[in-house]
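Taken from TrEMBL, the feature active site, proton donor/acceptor covers 214. The UDP-alpha-D-glucuronate binding site annotation in TrEMBL covers 21, 22, 23, 52, 95, 100, 125, 126, 127, 241, 242, 243. The Mn(2+) binding site annotation in TrEMBL covers 127. Feature annotation from TrEMBL assigns N-linked glycosylation site to 233. Positions annotated as site 'Interaction with galactose moiety of substrate glycoprotein' by TrEMBL: 158, 251.
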């Protein structure tokens, strides 16, 4: 057993609420372990982990308990009819949408909208790689802060366009650059107060084209001129959409090999 402990809690730093949707798969524990090892270095962090499952699983319960992190463990299963792709007018909703929405609801039910405790909300998927610097950058978010994300959209990175006055005026992206907010889920953070005050702001489940999930939330919160560029005016890469390679398990199931009771 490795003893782990996050940094001491500070009364002066805003709390970062990190929302992570997750689902069962062979690399789930490995990816969450890697993410937890990053989060352990971040002061005043609260991890909201939401399983796409009918119930909270023992694997995730143990993992969270053993991290030593300040956490909240939630679950909501995406209904089967949402997971299946219908015709093009009614596509499957992106994975993690219902889980992120449950976390937003939990925040609103837990904190009063006149809450004076400063906080930041960040959507951190479990398949990304995060620089510790990113969390300190987002901590000063007044409304919504933004930055580049590497390895998305078929590019080395996508990024907000920032003018000489330090204002965002567009998006460096190939895929549909005219989206209201052409940004990856890992590319922005929101002040908790804004989440609490705008109770109608959720990720939409229906009628949203691919790549528009982020816009469906952000357009309820801010306009383009409100965005606060971070990461040296969006010139530094602090988060990478790395994605773990799917393991080849073609020899599993052969008698006498790995024990299915051993947790991976």
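The backbone N, Cα and C atoms fix where each Cβ goes, and this holds for glycine too.
TrEMBL annotations: computationally assigned, not manually curated.
Feature annotations (TrEMBL) mapped to structure.
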| residue | record | DSSP (3 states) |
| --- | --- | --- |
| 21 | UDP-alpha-D-glucuronate binding site | strand |
| 95 | UDP-alpha-D-glucuronate binding site | coil |
| 125 | UDP-alpha-D-glucuronate binding site | coil |
| 158 | site 'Interaction with galactose moiety of substrate glycoprotein' | strand |
| 214 | active site, proton donor/acceptor | helix |
| 233 | N-linked glycosylation site | helix |
| 242 | UDP-alpha-D-glucuronate binding site | coil |
| 251 | site 'Interaction with galactose moiety of substrate glycoprotein' | coil |
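Counting other Cβ atoms within 10 Å of each Cβ, the lowest count among the recorded positions 125, 127, 158, 214 belongs to 127.
A separation of roughly 40 Å, to the nearest angstrom, links the Cα atoms of the residue listed as 'active site, proton donor/acceptor' and residue 251 (site 'Interaction with galactose moiety of substrate glycoprotein'). Per Cα geometry, 158 is the residue among the recorded positions 158, 233, 251 nearest to residue 242 (UDP-alpha-D-glucuronate binding site). The shortest Cα-Cα distance between residue 125 (UDP-alpha-D-glucuronate binding site) and any of the recorded positions 158, 233, 251 is the one to 158.
The CA atom of the residue listed as 'N-linked glycosylation site' is located 29 Å away from the CA atom of residue 21 (UDP-alpha-D-glucuronate binding site). It is 29 Å from the Cα atom of residue 95 (UDP-alpha-D-glucuronate binding site) to that of residue 251 (site 'Interaction with galactose moiety of substrate glycoprotein').
In the shown protein chains, 16 other C-beta atoms lie within 10 A of the C-beta of residue 233 (N-linked glycosylation site). Long-range neighbours of residue 23 (UDP-alpha-D-glucuronate binding site) (same chain, six or more residues apart, CB within less than 8 Å of its CB): 51, 52, 53, 95.
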